[in-house]
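Pulled from Swiss-Prot:
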BINDING   ARG24, GLU81, LYS120, LYS455  (6S)-5-formyl-5,6,7,8-tetrahydrofolate binding site
BINDING   226-231, 245-251, 270-273, 335-338, 359-361  GTP binding site
BINDING   ASN226, THR245, ILE247, THR250  K(+) binding site
BINDING   SER230, THR251  Mg(2+) binding site
DOMAIN    216-378  domain 'TrmE-type G'
Amino acid sequence: MQAATETIVAIATAQGRGGVGIVRVSGPLAGQMAVAVSGRQLKARHAHYGPFLDAGGQVIDEGLSLYFPGPNSFTGEDVLELQGHGGPVVLDLLVQRCLELGARQARPGEFSERAFLNDKLDLAQAEAIADLIEASSEQAARNALRSLQGEFSRRVHALTEQLISLRIYVEAAIDFPEEEIDFLADGHVLGLLEKVRTELSTVQREASQGALLRDGMTVVIAGRPNAGKSSLLNALAGREAAIVTDIAGTTRDVLREHIHIDGMPLHVVDTAGLRDTEDHVEKIGVERALKAIGEADRVLLVVDATAPEAADPFSLWPEFLDQRPEPGKVTLIRNKADLSTESIGLEESADGHVTITLSARTGAGLELLREHLKACMGFEQTAESGFSARRRHLEALRLAGQALEHGHSQLIHNGAGELLAEDLRQAQQHLGEITGAFTPDDLLGRIFSSFCIGK
């Protein structure tokens, strides 16, 4: 536990007026401040109703005082909470009183940072506090709560323990060569390595789902000119975000619209129609469209259901096939069902391709698309599954997987125990970055500075 020399104070509730406002204090002076502000000795971990006093003994406000001696507190330090009325003037007066008594204004996220430094939370749990506050849907809030309760961290720790066991075995064999262990022939090493790689892939998949719920999914609408891409964007956005005409090539640049489906964030990107063109401006738009396709979480490939080429849309554009994400991230949209003989509906092929027939103009079938996008974002997860994750977590998991892949290759092709041991060490270090076991101070500063003041 790291003993703080400074006492910090901040308003812990949201800005503005409210029924209740909370001022939070943490540090070695919290106990003295409890007596000075309340005018009496407070019993630990009990709520005391009474006045909050200024330096002259005048009443600032009335409310509840709660004192939590460390280490049994949120930060691991002595903590004082003053719960009064939620007026900004009253709360500012309480903060000023604490500043007079020797505290300083807390930095954003400093309470959570102290909890992390005092081993009350690991880094993934601390980040989950901010994720829970910022959650834009019930599912995102549930995932953040599970991360705060340690679900993500437990999964990472389990992977780390498996890596440590494998490292001990491999490095012991290296240190005692007289045992003459053949790493390639030793099925124990290969079996453990395969097991940890499989479990890491599972965690990566669930973390990716959690990150989509937290950050939102980027959906790119792509297709031929005049397929109804801009009409689909407008239908999803619920407003005229894009210009719609019968003239092919109206959209020449990338248009971005941020929407919510049942509180779940969605970043929808409308792109220029994919076609060969001599128009310089339109050509730039097509290049940007292909770039957006390559960066998308999901691509909605829109085809005009009344056009002859709609029968086999995936064979139309080699450029799209080169730039698209993995096939499982492409949804085929057969638009203009109101002008064709096709029925509104959703079909899933044996190989997992989803096709939705709809009409962007009338809105028929649009609810099917919304439900499909929600499912792609993990909306159907139960309360007992899923956890919140961030982009930095995904990168750490990716690098850990890359190290294990390299180690596996070294083992299979070279039987190289020394190189495998180094790859295992690197994988463990990348996993440690998630929970804060191997996290640089500058990264910690950036993470906690993004928190609310008072958290």
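Glycine too: its Cβ is placed from the backbone N, Cα and C atoms.
Between the CA atoms of SER230 (Mg(2+) binding site) and SER359 (GTP binding site) there is a gap of 12 Å, rounded to the nearest whole number. Put plainly, the binding-site residues ARG24, LYS120, LYS229, LYS336 were compared by Cβ crowding within 10 Å, and the winner is LYS229. Between the alpha carbons (Cα) of SER359 (GTP binding site) and LYS120 ((6S)-5-formyl-5,6,7,8-tetrahydrofolate binding site) lies a span of roughly 53 Å.
Taking a C-beta cut-off of under 8 Å and a sequence gap of six or more, GLU81 ((6S)-5-formyl-5,6,7,8-tetrahydrofolate binding site) has these contacts in its own chain: ALA12, ILE22, VAL23, ARG24, VAL25, LEU64, SER65, LEU66, PHE68. Comparing C-alpha positions, LYS120 ((6S)-5-formyl-5,6,7,8-tetrahydrofolate binding site) sits nearest to LYS229 among the binding-site residues ASN226, LYS229, LYS336. According to DSSP, LYS229 (GTP binding site) sits within a helical segment.
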